[in-house]
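Feature list (source: Swiss-Prot):
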- Lys485: ubiquitin cross-link (CROSSLNK)
- Lys490: ubiquitin cross-link (CROSSLNK)
- Ser41: phosphoserine (MOD_RES)
- Lys66: N6-acetyllysine (MOD_RES)
- Thr70: phosphothreonine (MOD_RES)
- Ser72: phosphoserine (MOD_RES)
- Ser92: phosphoserine (MOD_RES)
- Thr106: phosphothreonine (MOD_RES)
- Ser153: phosphoserine (MOD_RES)
- Thr157: phosphothreonine (MOD_RES)
- Ser161: phosphoserine (MOD_RES)
- 182-221: repeat 'WD 1' (REPEAT)
- 266-303: repeat 'WD 3' (REPEAT)
- 307-346: repeat 'WD 4' (REPEAT)
- 353-395: repeat 'WD 5' (REPEAT)
- 397-438: repeat 'WD 6' (REPEAT)
Amino acid sequence: MAQFVFESDLHSLLQLDAPIPNAPIARWQRKAKEATGPAPSPMRAANRSHSAGRTPGRTPGKSNSKVQTTPSKPGGDRYIPQRSASQMEVASFLLSKENQPEDGGTPTKKEHQKAWARNLNGFDVEEAKILRLSGKPQNAPEGYQNRLKVLYSQKATPGSSRKACRYIPSLPDRILDAPEIRNDYYLNLVDWSSGNVLAVALDNSVYLWNAGSGDILQLLQMEQPGDYISSVAWIKEGNYLAVGTSNAEVQLWDVQQQKRLRNMTSHSARVSSLSWNSYILSSGSRSGHIHHHDVRVAEHHVATLSGHSQEVCGLRWAPDGRHLASGGNDNIVNVWPSGPGESGWVPLQTFTQHQGAVKAVAWCPWQSNILATGGGTSDRHIRIWNVCSGACLSAVDVHSQVCSILWSPHYKELISGHGFAQNQLVIWKYPTMAKVAELKGHTARVLSLTMSPDGATVASAAADETLRLWRCFELDPALRREREKASTSKSSLIHQGIR
(Lines of atoms letter the chains of each structure in order from A and count residues from 1; the text may use other names and numbers.)
(Lines give C-alpha, C1' and ligand atoms only; values in the text may rest on other atoms or scores of the structure.)
Protein backbone atom coordinates (compact mmCIF):
# COMPACT_ATOMS: atom_id res chain seq x y z
CA MET A 1 0.00 0.00 0.00
CA ALA A 2 2.82 2.32 0.91
CA GLN A 3 4.39 1.59 -2.47
CA PHE A 4 1.35 2.93 -4.32
CA VAL A 5 1.36 6.14 -2.25
CA PHE A 6 5.06 6.76 -3.10
CA GLU A 7 4.44 6.25 -6.82
CA SER A 8 1.44 8.55 -6.76
CA ASP A 9 3.52 11.36 -5.16
CA LEU A 10 6.39 10.85 -7.58
CA HIS A 11 4.02 10.97 -10.56
CA SER A 12 2.44 14.23 -9.40
CA LEU A 13 5.87 15.83 -8.99
CA LEU A 14 7.05 14.84 -12.44
CA GLN A 15 3.97 16.19 -14.19
CA LEU A 16 5.09 19.88 -13.53
CA ASP A 17 1.57 21.16 -14.13
CA ALA A 18 1.13 22.43 -10.59
CA PRO A 19 3.01 25.09 -8.63
CA ILE A 20 6.02 23.82 -6.75
CA PRO A 21 5.72 24.53 -3.05
CA ASN A 22 8.51 26.64 -1.43
CA ALA A 23 9.96 27.39 -4.87
CA PRO A 24 11.11 30.96 -5.92
CA ILE A 25 8.43 32.96 -7.63
CA ALA A 26 8.67 33.47 -11.34
CA ARG A 27 10.38 36.59 -12.72
CA TRP A 28 7.22 37.90 -14.32
CA GLN A 29 5.38 37.48 -11.06
CA ARG A 30 8.15 39.29 -9.18
CA LYS A 31 8.07 42.27 -11.58
CA ALA A 32 4.32 42.55 -11.29
CA LYS A 33 4.49 42.38 -7.51
CA GLU A 34 7.22 45.08 -7.35
CA ALA A 35 5.08 47.44 -9.42
CA THR A 36 2.05 47.05 -7.12
CA GLY A 37 3.51 46.48 -3.67
CA PRO A 38 6.64 46.67 -1.54
CA ALA A 39 9.65 44.65 -2.57
CA PRO A 40 10.30 41.39 -0.75
CA SER A 41 12.92 41.25 1.95
CA PRO A 42 16.40 40.59 0.56
CA MET A 43 17.14 37.99 3.23
CA ARG A 44 14.00 36.01 2.49
CA ALA A 45 14.72 36.00 -1.23
CA ALA A 46 18.26 34.89 -0.61
CA ASN A 47 17.13 32.06 1.71
CA ARG A 48 14.65 30.78 -0.82
CA SER A 49 17.29 30.87 -3.53
CA HIS A 50 19.80 28.89 -1.52
CA SER A 51 17.22 26.42 -0.29
CA ALA A 52 16.24 25.58 -3.83
CA GLY A 53 19.84 25.22 -4.97
CA ARG A 54 19.40 27.62 -7.88
CA THR A 55 21.35 30.70 -9.03
CA PRO A 56 19.93 33.80 -7.32
CA GLY A 57 18.20 36.35 -9.49
CA ARG A 58 19.94 39.37 -7.85
CA THR A 59 22.96 40.09 -5.70
CA PRO A 60 22.36 39.09 -2.11
CA GLY A 61 22.30 41.92 0.43
CA LYS A 62 21.60 44.61 -2.21
CA SER A 63 18.26 46.25 -2.18
CA ASN A 64 16.38 46.71 -5.39
CA SER A 65 16.19 50.56 -5.74
CA LYS A 66 13.13 52.15 -7.20
CA VAL A 67 13.37 53.49 -10.76
CA GLN A 68 13.69 57.35 -10.94
CA THR A 69 10.82 59.09 -12.71
CA THR A 70 10.14 62.73 -13.68
CA PRO A 71 8.22 64.44 -10.88
CA SER A 72 4.75 65.58 -11.73
CA LYS A 73 5.13 68.99 -9.93
CA PRO A 74 7.89 71.50 -10.97
CA GLY A 75 10.60 72.17 -8.37
CA GLY A 76 12.53 75.37 -7.56
CA ASP A 77 14.88 77.11 -10.11
CA ARG A 78 18.57 76.55 -9.44
CA TYR A 79 19.46 80.13 -10.70
CA ILE A 80 18.52 82.06 -7.58
CA PRO A 81 19.80 85.69 -7.50
CA GLN A 82 21.81 86.89 -4.54
CA ARG A 83 19.78 89.36 -2.55
CA SER A 84 22.89 91.15 -1.30
CA ALA A 85 24.11 91.83 -4.85
CA SER A 86 20.74 92.77 -6.32
CA GLN A 87 20.28 96.40 -7.36
CA MET A 88 16.82 96.81 -5.92
CA GLU A 89 17.25 100.56 -5.43
CA VAL A 90 18.28 100.94 -9.06
CA ALA A 91 15.23 98.95 -10.15
CA SER A 92 12.95 101.18 -8.12
CA PHE A 93 14.61 104.31 -9.54
CA LEU A 94 14.30 103.15 -13.14
CA LEU A 95 10.64 102.20 -12.69
CA SER A 96 9.82 105.58 -11.17
CA LYS A 97 11.85 107.41 -13.83
CA GLU A 98 9.62 106.12 -16.63
CA ASN A 99 6.73 108.22 -15.36
CA GLN A 100 8.77 111.41 -15.02
CA PRO A 101 9.15 113.91 -17.91
CA GLU A 102 12.63 114.21 -19.40
CA ASP A 103 14.57 117.30 -18.45
CA GLY A 104 15.86 119.66 -21.10
CA GLY A 105 19.51 119.39 -20.17
CA THR A 106 22.17 119.89 -22.80
CA PRO A 107 24.06 116.85 -24.16
CA THR A 108 27.24 118.08 -22.50
CA LYS A 109 25.51 118.30 -19.11
CA LYS A 110 24.06 114.82 -19.54
CA GLU A 111 27.49 113.42 -20.35
CA HIS A 112 28.94 115.02 -17.20
CA GLN A 113 26.12 113.59 -15.07
CA LYS A 114 26.62 110.16 -16.61
CA ALA A 115 30.37 110.27 -15.90
CA TRP A 116 29.78 111.35 -12.28
CA ALA A 117 27.25 108.54 -11.75
CA ARG A 118 29.64 106.01 -13.25
CA ASN A 119 32.49 107.11 -10.98
CA LEU A 120 30.34 107.22 -7.82
CA ASN A 121 28.40 103.98 -8.33
CA GLY A 122 31.03 101.99 -10.14
CA PHE A 123 28.65 101.15 -12.99
CA ASP A 124 26.34 102.74 -15.52
CA VAL A 125 22.88 103.12 -13.97
CA GLU A 126 21.15 102.93 -17.36
CA GLU A 127 22.80 99.62 -18.23
CA ALA A 128 23.08 98.08 -14.75
CA LYS A 129 21.86 94.53 -14.07
CA ILE A 130 19.13 94.46 -11.44
CA LEU A 131 19.58 90.76 -10.54
CA ARG A 132 23.08 89.37 -10.10
CA LEU A 133 23.69 85.61 -10.12
CA SER A 134 27.15 85.89 -8.59
CA GLY A 135 29.16 88.28 -6.48
CA LYS A 136 31.57 90.92 -7.78
CA PRO A 137 35.18 89.87 -8.41
CA GLN A 138 37.71 90.84 -5.80
CA ASN A 139 39.87 93.91 -6.34
CA ALA A 140 43.48 93.50 -7.40
CA PRO A 141 46.05 93.65 -4.56
CA GLU A 142 47.81 96.92 -3.82
CA GLY A 143 50.63 97.62 -6.25
CA TYR A 144 49.50 95.09 -8.82
CA GLN A 145 50.48 96.12 -12.36
CA ASN A 146 48.34 95.02 -15.26
CA ARG A 147 49.19 95.57 -18.91
CA LEU A 148 45.47 96.06 -19.60
CA LYS A 149 45.19 98.79 -16.98
CA VAL A 150 43.74 101.14 -19.57
CA LEU A 151 40.57 99.03 -19.60
CA TYR A 152 39.83 100.01 -16.01
CA SER A 153 40.23 103.75 -16.41
CA GLN A 154 37.83 106.01 -14.51
CA LYS A 155 37.28 108.10 -17.61
CA ALA A 156 35.23 106.70 -20.45
CA THR A 157 37.24 106.47 -23.65
CA PRO A 158 35.32 107.21 -26.85
CA GLY A 159 35.13 104.55 -29.49
CA SER A 160 36.99 106.66 -32.02
CA SER A 161 39.35 109.49 -31.20
CA ARG A 162 40.45 112.25 -33.53
CA LYS A 163 44.08 112.40 -34.54
CA ALA A 164 46.17 114.85 -32.56
CA CYS A 165 47.86 116.28 -35.65
CA ARG A 166 46.04 118.26 -38.32
CA TYR A 167 46.63 118.80 -42.00
CA ILE A 168 48.43 122.05 -42.85
CA PRO A 169 48.61 122.91 -46.57
CA SER A 170 52.17 123.58 -47.68
CA LEU A 171 51.06 125.74 -50.63
CA PRO A 172 49.29 129.11 -50.46
CA ASP A 173 45.56 129.20 -51.04
CA ARG A 174 45.90 132.34 -53.20
CA ILE A 175 48.66 134.59 -54.52
CA LEU A 176 48.02 138.30 -55.14
CA ASP A 177 50.28 140.80 -56.86
CA ALA A 178 51.73 143.58 -54.72
CA PRO A 179 53.66 145.77 -57.17
CA GLU A 180 55.89 148.54 -55.82
CA ILE A 181 55.64 147.36 -52.22
CA ARG A 182 58.49 149.00 -50.31
CA ASN A 183 61.25 146.61 -49.25
CA ASP A 184 61.71 148.23 -45.84
CA TYR A 185 61.99 146.06 -42.72
CA TYR A 186 60.75 148.81 -40.36
CA LEU A 187 57.38 149.46 -42.06
CA ASN A 188 54.01 147.80 -41.36
CA LEU A 189 52.21 147.70 -44.71
CA VAL A 190 49.31 145.20 -44.38
CA ASP A 191 46.37 144.78 -42.01
CA TRP A 192 43.14 142.73 -42.12
CA SER A 193 39.90 144.20 -40.76
CA SER A 194 37.10 142.51 -38.85
CA GLY A 195 34.93 143.16 -41.92
CA ASN A 196 37.16 140.82 -43.98
CA VAL A 197 38.83 143.63 -45.93
CA LEU A 198 42.59 143.54 -46.45
CA ALA A 199 44.44 146.87 -46.61
CA VAL A 200 47.79 146.94 -48.43
CA ALA A 201 50.13 149.91 -48.76
CA LEU A 202 51.91 149.94 -52.13
CA ASP A 203 54.40 152.80 -52.27
CA ASN A 204 52.25 155.99 -52.22
CA SER A 205 48.82 154.28 -52.42
CA VAL A 206 46.53 152.20 -50.22
CA TYR A 207 44.45 149.43 -51.79
CA LEU A 208 41.56 147.52 -50.24
CA TRP A 209 40.82 143.91 -51.20
CA ASN A 210 37.49 142.42 -50.11
CA ALA A 211 38.22 138.78 -49.32
CA GLY A 212 34.55 137.85 -49.59
CA SER A 213 33.73 139.34 -52.98
CA GLY A 214 37.23 139.73 -54.43
CA ASP A 215 36.69 143.42 -55.22
CA ILE A 216 39.71 145.76 -55.22
CA LEU A 217 39.47 149.45 -54.38
CA GLN A 218 42.10 152.18 -54.31
CA LEU A 219 41.40 154.18 -51.16
CA LEU A 220 44.01 156.93 -51.42
CA GLN A 221 47.14 158.16 -53.14
CA MET A 222 49.71 160.60 -51.78
CA GLU A 223 49.68 163.99 -53.48
CA GLN A 224 53.34 164.96 -53.14
CA PRO A 225 55.91 163.01 -55.18
CA GLY A 226 58.38 161.13 -53.03
CA ASP A 227 55.90 160.61 -50.18
CA TYR A 228 54.84 157.06 -49.38
CA ILE A 229 52.67 155.09 -46.98
CA SER A 230 54.64 153.75 -44.02
CA SER A 231 51.95 151.99 -41.93
CA VAL A 232 48.26 150.99 -41.88
CA ALA A 233 46.01 149.78 -39.05
CA TRP A 234 42.28 149.01 -38.83
CA ILE A 235 40.18 149.90 -35.81
CA LYS A 236 38.81 146.82 -34.06
CA GLU A 237 35.30 147.31 -35.47
CA GLY A 238 36.70 147.55 -39.01
CA ASN A 239 35.03 150.72 -40.31
CA TYR A 240 37.93 153.14 -40.00
CA LEU A 241 41.51 152.86 -41.22
CA ALA A 242 44.49 154.70 -39.78
CA VAL A 243 47.29 155.51 -42.23
CA GLY A 244 50.81 156.59 -41.32
CA THR A 245 52.87 158.47 -43.89
CA SER A 246 56.47 159.32 -44.56
CA ASN A 247 55.80 163.04 -43.99
CA ALA A 248 54.94 162.42 -40.27
CA GLU A 249 51.16 162.47 -40.71
CA VAL A 250 48.52 160.16 -39.25
CA GLN A 251 45.39 160.10 -41.38
CA LEU A 252 42.01 158.66 -40.41
CA TRP A 253 39.78 157.34 -43.21
CA ASP A 254 36.13 156.28 -43.36
CA VAL A 255 36.25 153.28 -45.68
CA GLN A 256 32.54 153.11 -46.43
CA GLN A 257 32.40 156.76 -47.45
CA GLN A 258 35.93 156.64 -48.95
CA LYS A 259 36.58 159.91 -47.18
CA ARG A 260 39.41 161.20 -45.02
CA LEU A 261 37.99 162.27 -41.66
CA ARG A 262 41.02 164.00 -40.18
CA ASN A 263 44.76 164.50 -40.52
CA MET A 264 46.76 164.41 -37.26
CA THR A 265 50.22 165.98 -37.26
CA SER A 266 52.21 165.63 -34.07
CA HIS A 267 55.29 163.63 -35.10
CA SER A 268 58.52 164.99 -36.50
CA ALA A 269 59.44 161.90 -38.58
CA ARG A 270 57.74 159.14 -40.53
CA VAL A 271 55.13 157.06 -38.72
CA SER A 272 56.17 153.42 -39.11
CA SER A 273 53.84 151.68 -36.61
CA LEU A 274 50.20 152.04 -35.49
CA SER A 275 47.96 150.28 -32.97
CA TRP A 276 44.39 150.84 -31.74
CA ASN A 277 43.01 150.59 -28.20
CA SER A 278 39.32 151.47 -28.46
CA TYR A 279 39.25 155.19 -29.36
CA ILE A 280 42.96 155.68 -28.56
CA LEU A 281 45.29 155.42 -31.55
CA SER A 282 48.97 154.94 -30.71
CA SER A 283 51.62 155.77 -33.31
CA GLY A 284 55.37 155.16 -33.29
CA SER A 285 57.79 157.18 -35.40
CA ARG A 286 61.40 157.22 -36.51
CA SER A 287 62.16 159.77 -33.79
CA GLY A 288 61.68 157.06 -31.14
CA HIS A 289 58.55 158.66 -29.67
CA ILE A 290 55.12 157.10 -29.25
CA HIS A 291 52.07 159.37 -29.37
CA HIS A 292 48.57 158.62 -28.06
CA HIS A 293 45.74 160.17 -30.09
CA ASP A 294 42.18 160.46 -28.81
CA VAL A 295 40.31 160.51 -32.11
CA ARG A 296 37.08 161.75 -30.48
CA VAL A 297 38.37 165.20 -29.54
CA ALA A 298 39.88 168.06 -31.46
CA GLU A 299 43.08 168.10 -29.37
CA HIS A 300 43.91 164.55 -30.31
CA HIS A 301 47.48 164.38 -28.95
CA VAL A 302 46.99 163.30 -25.32
CA ALA A 303 50.31 161.63 -24.39
CA THR A 304 53.91 161.12 -25.50
CA LEU A 305 55.95 158.05 -24.53
CA SER A 306 59.73 158.39 -24.71
CA GLY A 307 61.41 155.05 -24.23
CA HIS A 308 63.35 154.45 -27.44
CA SER A 309 66.38 156.15 -28.91
CA GLN A 310 65.71 154.96 -32.47
CA GLU A 311 62.75 154.16 -34.71
CA VAL A 312 59.73 152.43 -33.16
CA CYS A 313 59.03 149.66 -35.69
CA GLY A 314 56.84 147.37 -33.56
CA LEU A 315 53.76 148.52 -31.64
CA ARG A 316 50.89 146.44 -30.25
CA TRP A 317 48.20 146.89 -27.61
CA ALA A 318 47.25 143.84 -25.50
CA PRO A 319 43.78 142.38 -26.19
CA ASP A 320 42.54 143.51 -22.77
CA GLY A 321 43.87 147.05 -23.36
CA ARG A 322 45.96 147.12 -20.18
CA HIS A 323 49.45 147.11 -21.71
CA LEU A 324 51.20 148.45 -24.80
CA ALA A 325 54.30 146.70 -26.16
CA SER A 326 56.80 148.61 -28.29
CA GLY A 327 59.88 147.37 -30.11
CA GLY A 328 62.55 149.58 -31.59
CA ASN A 329 65.63 149.67 -33.74
CA ASP A 330 67.59 150.20 -30.51
CA ASN A 331 67.06 146.47 -29.68
CA ILE A 332 64.76 147.35 -26.75
CA VAL A 333 61.28 146.10 -25.89
CA ASN A 334 59.17 148.28 -23.59
CA VAL A 335 55.89 147.37 -21.91
CA TRP A 336 53.79 150.45 -21.10
CA PRO A 337 50.71 150.85 -18.88
CA SER A 338 47.43 152.08 -20.27
CA GLY A 339 47.60 155.22 -18.13
CA PRO A 340 50.29 157.39 -16.54
CA GLY A 341 51.66 156.53 -13.12
CA GLU A 342 52.77 158.77 -10.28
CA SER A 343 55.99 159.61 -12.12
CA GLY A 344 54.38 159.96 -15.54
CA TRP A 345 54.64 157.64 -18.50
CA VAL A 346 57.27 155.12 -17.39
CA PRO A 347 57.63 151.58 -18.82
CA LEU A 348 56.53 148.75 -16.57
CA GLN A 349 59.13 146.43 -18.09
CA THR A 350 62.15 146.96 -20.32
CA PHE A 351 63.73 143.96 -22.04
CA THR A 352 67.23 144.33 -23.50
CA GLN A 353 68.10 140.70 -24.33
CA HIS A 354 67.61 141.11 -28.09
CA GLN A 355 70.72 141.86 -30.14
CA GLY A 356 68.88 143.31 -33.14
CA ALA A 357 65.94 145.52 -34.07
CA VAL A 358 62.64 144.31 -32.63
CA LYS A 359 59.78 144.68 -35.09
CA ALA A 360 57.79 141.52 -34.28
CA VAL A 361 55.66 141.99 -31.14
CA ALA A 362 52.50 139.96 -30.44
CA TRP A 363 50.32 139.35 -27.39
CA CYS A 364 48.93 135.93 -26.51
CA PRO A 365 45.14 136.03 -27.06
CA TRP A 366 44.27 133.58 -24.24
CA GLN A 367 46.87 134.73 -21.65
CA SER A 368 47.08 138.50 -21.47
CA ASN A 369 50.43 138.66 -19.67
CA ILE A 370 52.37 136.66 -22.29
CA LEU A 371 54.26 138.58 -24.98
CA ALA A 372 56.19 137.20 -27.97
CA THR A 373 58.96 139.24 -29.61
CA GLY A 374 61.31 138.60 -32.52
CA GLY A 375 64.67 140.14 -33.38
CA GLY A 376 66.26 141.18 -36.65
CA THR A 377 69.26 139.86 -38.55
CA SER A 378 71.72 140.45 -35.71
CA ASP A 379 69.54 138.61 -33.20
CA ARG A 380 67.49 135.90 -35.00
CA HIS A 381 65.65 134.89 -31.81
CA ILE A 382 62.01 134.56 -30.76
CA ARG A 383 61.51 135.22 -27.06
CA ILE A 384 58.45 134.63 -24.89
CA TRP A 385 58.01 137.00 -21.91
CA ASN A 386 55.89 137.17 -18.79
CA VAL A 387 55.30 140.91 -18.53
CA CYS A 388 54.09 140.66 -14.93
CA SER A 389 57.27 139.09 -13.56
CA GLY A 390 59.62 140.22 -16.33
CA ALA A 391 60.89 136.67 -16.84
CA CYS A 392 61.91 135.29 -20.23
CA LEU A 393 59.98 132.03 -20.49
CA SER A 394 61.74 130.74 -23.60
CA ALA A 395 64.15 131.79 -26.33
CA VAL A 396 64.44 130.05 -29.69
CA ASP A 397 67.17 130.62 -32.27
CA VAL A 398 65.37 130.65 -35.63
CA HIS A 399 68.55 131.27 -37.69
CA SER A 400 66.99 134.12 -39.71
CA GLN A 401 65.51 137.58 -39.42
CA VAL A 402 62.09 137.73 -37.71
CA CYS A 403 59.76 140.30 -39.28
CA SER A 404 56.40 139.43 -37.72
CA ILE A 405 54.69 137.11 -35.21
CA LEU A 406 51.02 136.15 -34.95
CA TRP A 407 49.20 133.98 -32.40
CA SER A 408 46.49 131.54 -33.48
CA PRO A 409 43.26 132.03 -31.49
CA HIS A 410 42.08 128.49 -32.36
CA TYR A 411 45.25 126.53 -31.59
CA LYS A 412 47.96 127.06 -29.01
CA GLU A 413 50.42 127.97 -31.74
CA LEU A 414 52.12 131.00 -33.23
CA ILE A 415 53.43 131.74 -36.71
CA SER A 416 56.48 133.80 -37.61
CA GLY A 417 57.68 135.34 -40.89
CA HIS A 418 61.38 135.30 -41.77
CA GLY A 419 63.94 136.69 -44.14
CA PHE A 420 67.17 135.35 -45.61
CA ALA A 421 67.94 132.58 -46.34
CA GLN A 422 64.68 130.65 -46.83
CA ASN A 423 62.12 133.50 -46.57
CA GLN A 424 59.66 131.08 -44.98
CA LEU A 425 56.79 131.10 -42.50
CA VAL A 426 57.17 128.82 -39.47
CA ILE A 427 54.41 127.52 -37.18
CA TRP A 428 55.48 126.89 -33.57
CA LYS A 429 53.75 124.94 -30.81
CA TYR A 430 53.28 126.84 -27.57
CA PRO A 431 54.70 126.56 -24.93
CA THR A 432 57.23 123.94 -26.08
CA MET A 433 58.17 126.06 -29.12
CA ALA A 434 58.49 122.91 -31.19
CA LYS A 435 58.38 123.46 -34.93
CA VAL A 436 55.06 122.29 -36.38
CA ALA A 437 55.40 123.22 -40.07
CA GLU A 438 57.29 125.41 -42.53
CA LEU A 439 55.52 127.28 -45.33
CA LYS A 440 57.81 128.13 -48.22
CA GLY A 441 57.15 129.95 -51.47
CA HIS A 442 58.41 133.52 -51.18
CA THR A 443 61.56 134.31 -53.15
CA ALA A 444 62.46 137.36 -51.04
CA ARG A 445 62.21 138.21 -47.36
CA VAL A 446 58.82 138.41 -45.68
CA LEU A 447 57.97 141.96 -44.61
CA SER A 448 54.64 141.72 -42.74
CA LEU A 449 52.02 139.23 -41.58
CA THR A 450 48.34 139.69 -40.81
CA MET A 451 45.49 137.32 -39.94
CA SER A 452 41.93 137.04 -41.24
CA PRO A 453 39.08 137.84 -38.82
CA ASP A 454 38.10 134.17 -38.54
CA GLY A 455 41.67 133.26 -37.57
CA ALA A 456 42.02 130.62 -40.30
CA THR A 457 44.11 132.45 -42.93
CA VAL A 458 47.42 134.29 -42.69
CA ALA A 459 48.45 136.85 -45.32
CA SER A 460 52.16 137.40 -45.89
CA ALA A 461 53.57 140.37 -47.81
CA ALA A 462 57.11 139.95 -49.08
CA ALA A 463 59.76 141.84 -50.99
CA ASP A 464 59.11 139.63 -54.05
CA GLU A 465 56.02 141.85 -54.63
CA THR A 466 53.53 139.09 -53.85
CA LEU A 467 50.87 138.69 -51.21
CA ARG A 468 50.24 135.05 -50.30
CA LEU A 469 47.27 133.70 -48.36
CA TRP A 470 47.93 130.58 -46.26
CA ARG A 471 45.02 128.58 -44.76
CA CYS A 472 47.19 127.15 -42.01
CA PHE A 473 44.78 127.49 -39.06
CA GLU A 474 41.62 126.05 -40.59
CA LEU A 475 39.07 125.27 -37.88
CA ASP A 476 37.01 122.09 -37.64
CA PRO A 477 33.56 122.79 -39.21
CA ALA A 478 31.58 121.64 -36.17
CA LEU A 479 33.67 123.71 -33.78
CA ARG A 480 33.49 126.69 -36.12
CA ARG A 481 29.68 126.60 -36.12
CA GLU A 482 29.63 126.53 -32.32
CA ARG A 483 31.91 129.54 -32.08
CA GLU A 484 29.90 131.47 -34.65
CA LYS A 485 26.73 130.95 -32.63
CA ALA A 486 28.45 132.01 -29.40
CA SER A 487 30.01 135.13 -30.90
CA THR A 488 28.11 138.37 -30.36
CA SER A 489 28.44 141.61 -32.21
CA LYS A 490 29.66 144.61 -30.24
CA SER A 491 28.81 148.18 -31.01
CA SER A 492 31.62 150.49 -31.98
CA LEU A 493 32.81 153.03 -29.46
CA ILE A 494 34.04 155.17 -32.32
CA HIS A 495 30.44 156.20 -33.10
CA GLN A 496 30.52 158.45 -30.06
CA GLY A 497 31.95 161.04 -32.41
CA ILE A 498 34.99 161.74 -34.57
CA ARG A 499 35.87 165.36 -35.18
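Using N, Cα and C of the backbone, Cβ positions are placed for all residues, glycine too.
Same-chain residues lying 6 or more positions outside the repeat 'WD 1' (182-221) and placing a CB less than 8 Å from one of its CB atoms are 176, 227-234, 236-239, 241, 243, 251, 253, 255, 258, 260, 272-274, 286, 311, 313, 329, 357, 359, 376, 401, 403, 419, 444-445, 447-453, 457, 459, 461, 463, 467. Under 8 Å from some Cβ of the repeat 'WD 5' (353-395) lie the Cβ atoms of residues 185-186, 313-320, 322-323, 325-333, 335, 401-407, 409, 412, 414, 416-417, 419-420, 428, 430-431, 433, all in the same chain and six or more residues away from its ends. Cβ neighbours within 10 Å of Ser92 (phosphoserine), excluding its own Cβ and spanning all shown chains: 11. Within 10 Å of the C-beta atom of Lys485 (ubiquitin cross-link) sit 8 other C-beta atoms, taking all shown protein chains into account. In three-state terms derived from DSSP, Ser92 (phosphoserine) belongs to a helical segment.
Helix first, then strand, then coil: DSSP counts for the repeat 'WD 6' (397-438) stand at 0 helix, 23 strand, 19 coil.
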